[in-house]
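Report on one structure; see the data block that follows.
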Amino acid sequence: MDPVQQFLRQKHVYTFGVAALFLAVLAVYLPSLAHPFMSDDYHVLAALASQPKDLVFFFTGNGKYLIPVTKLFWVVQYALFQTNAWGFHLASLLLHLANTALVTLFFTRLFRSKWQGLLTGVFFGLSASHWRTTMWISAQVKLLAALFLLLALLSFLSFLRTGQWRFLWGTALAQVAMPFASALGMELPFILLTLYLFQRQVDPKRVKVASRQAWSALALIAGLCIVYVVLQHTLYAHANTFLLSDQGIFSAIQNIPRAARWLMRGIFEGLLRSSTGVFVGAVPSIFSLHGAAVPLGVIMLPLVMFPVLVFVPKRRWDRPFILLLLLLTAWVVLLYAPPILPDMAQRFTEQWFITRPRYFYLPMIPMAAIIAVLLTTVRTTRRHPLRRWSTLAALVIFGGFVVLSNLQRIRFHEQFAAEQTQQFAVVRDALVADLRGLLRQTWGTRVLTIRDSVLGQVTGMDYAAHNVLPSHLARAYLTPAERASFRFLPEGVPADFGITPQGRLWPPVAQQ
């Protein structure tokens, strides 16, 4: 037996690899527990602190999406941690760890190779595109969507291979939970369909479910999606990102050619570059809050690298391998494309989808699998040991540099986010202190008006507070009795107090 194979087949070596992966994820994301809240997080916090937790909160227009599962998750976190940001960040980190474990487990079963599954988990768990998703409370919708997606895939694969209906019910439960957690999930029936077709073509002997039963199961899953669509349109008076009015959907369909171009740029400039950070480690603009100009040479790097990785090493281009690549590529498109068409109808820009890392969290699952497959399905021969070992060394070095550069990018963005959010936390605390100081002087005597200016614009801290208003902070950090003494008026309406760039009320409030 080959010495490399002997080494990799040792149980303790694989155990060490799994432990190293999860320790690396912890090490790179654990500093985020010290971050204060940022941007949309304050919207979530304000709703949790000020709104009654009734059916209206969970199932109707308290927000843009019908996401009662995520709202319940937020309610539990708020009950445990109140306004302590570290608790919410801990929940995000645990979700990401769980998703990394599920990615490793699912692809181990799909590939029937524990090392290919583990390598997929490495490229997913340590992707540079996840830094903001795992550090942003409002992005927990993506983390939960990935969790239920992976549970559905695991359950459905077990259903196909065992024929036991309890796994189908697990799949159905995950299908229900995914849209109610994230407004995603309309693509899940198509993903399960492609998984079934792949299994039937590549390994039909392991499929224990009759064709008619499989199609009935897929029809059940699709029916659950339709129920969510009906509820969404019934309970919400306005369009959201994925379920627009008929006019909006028609407008989106008209933009299909332009959306195809967006998809390609999103995959190659964002998704692929985030998983091969060795080529763009010094270019932060792709992950900035607002898209900056990217040099043409940098754009071309992943376009050149990917064909080289695919076609230069010798491979066995047989039917199962080609079908596997087609399956994973279809999953990338299905998990990345759905937000694009409707959002184009809402006049979002192309840069929105290329620079927002949260759009890459779900499609990074199959993309990580593609990278892992391309690195591990190389044909080598013992008759040419020099060529064999040089090829293996090159692939190991390439994969290692990808992971290490991603670690560096995550660390860079974590430090940047820490600096920005901590600066805004000082502004936040100053404003809340002024509001309470004003209350001590005027409690019960009059209602004071405050100009509700966008704090990101007032303070210049657009990254951490680009859509945060003083009213959000008042709802999050003041009691209902305290809030009753204030009215927050929009820009252009005369008010008793404005906000300074330091977060202080103006005219200044005397502190006692």
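All residue numbers here begin at 1 and follow the chain in the order shown.
Cβ coordinates are placed from backbone N, Cα and C, and glycine is handled just like the others.
What TrEMBL lists as transmembrane segment is 12-30 (among others). Counting residues 6+ beyond its ends, the transmembrane segment (12-30) has Cβ neighbours under 8 Å at 93, 96-97, 100-101, 104, 114-115, 118, 121-122, 125-126, 134-135, 407, 410-411, 414 in the same chain.
If you look at the transmembrane segment (86-108), the same-chain residues 6 or more away from its ends with a CB under 8 A from one of its CBs are 18, 21-22, 25-26, 29-30, 32-35, 37, 41, 73, 77, 80, 114, 116-118, 120-121, 124-125, 130, 133-137, 139-140, 143-144, 146-147, 150-151, 153-154, 157, 365, 368-369, 372. What TrEMBL lists as transmembrane segment is 86-108 (among others).
Taken from TrEMBL, the feature transmembrane segment covers 143-160 (among others).
Sequence annotations record features per position, and here TrEMBL assigns transmembrane segment to 172-198 (among others). Among residues of the same chain six or more beyond the transmembrane segment (172-198), those with a C-beta under 8 A of the stretch's C-beta atoms are 65-70, 73, 141-142, 144-145, 148-149, 151-153, 155-157, 160, 207, 214, 218, 220-222, 224-225, 228-229, 232, 240-243, 323-324, 327, 330-331, 334-335, 338, 362.
Residues 66, 156, 159-160, 168, 171-172, 175-176, 179-180, 185-186, 188-189, 192-193, 196, 207, 243 of the same chain lie 6 or more positions beyond the ends of the transmembrane segment (213-231) yet place their CB under 8 Å from a CB of it. The annotation transmembrane segment is assigned in TrEMBL to 213-231 (among others).
The transmembrane segment annotation in TrEMBL covers 293-312 (among others).
Per TrEMBL, transmembrane segment is recorded for 321-339 (among others).
Residues annotated as transmembrane segment in TrEMBL: 359-377 (among others).
Look at TrEMBL and you will find 389-407 (among others) tagged as transmembrane segment.
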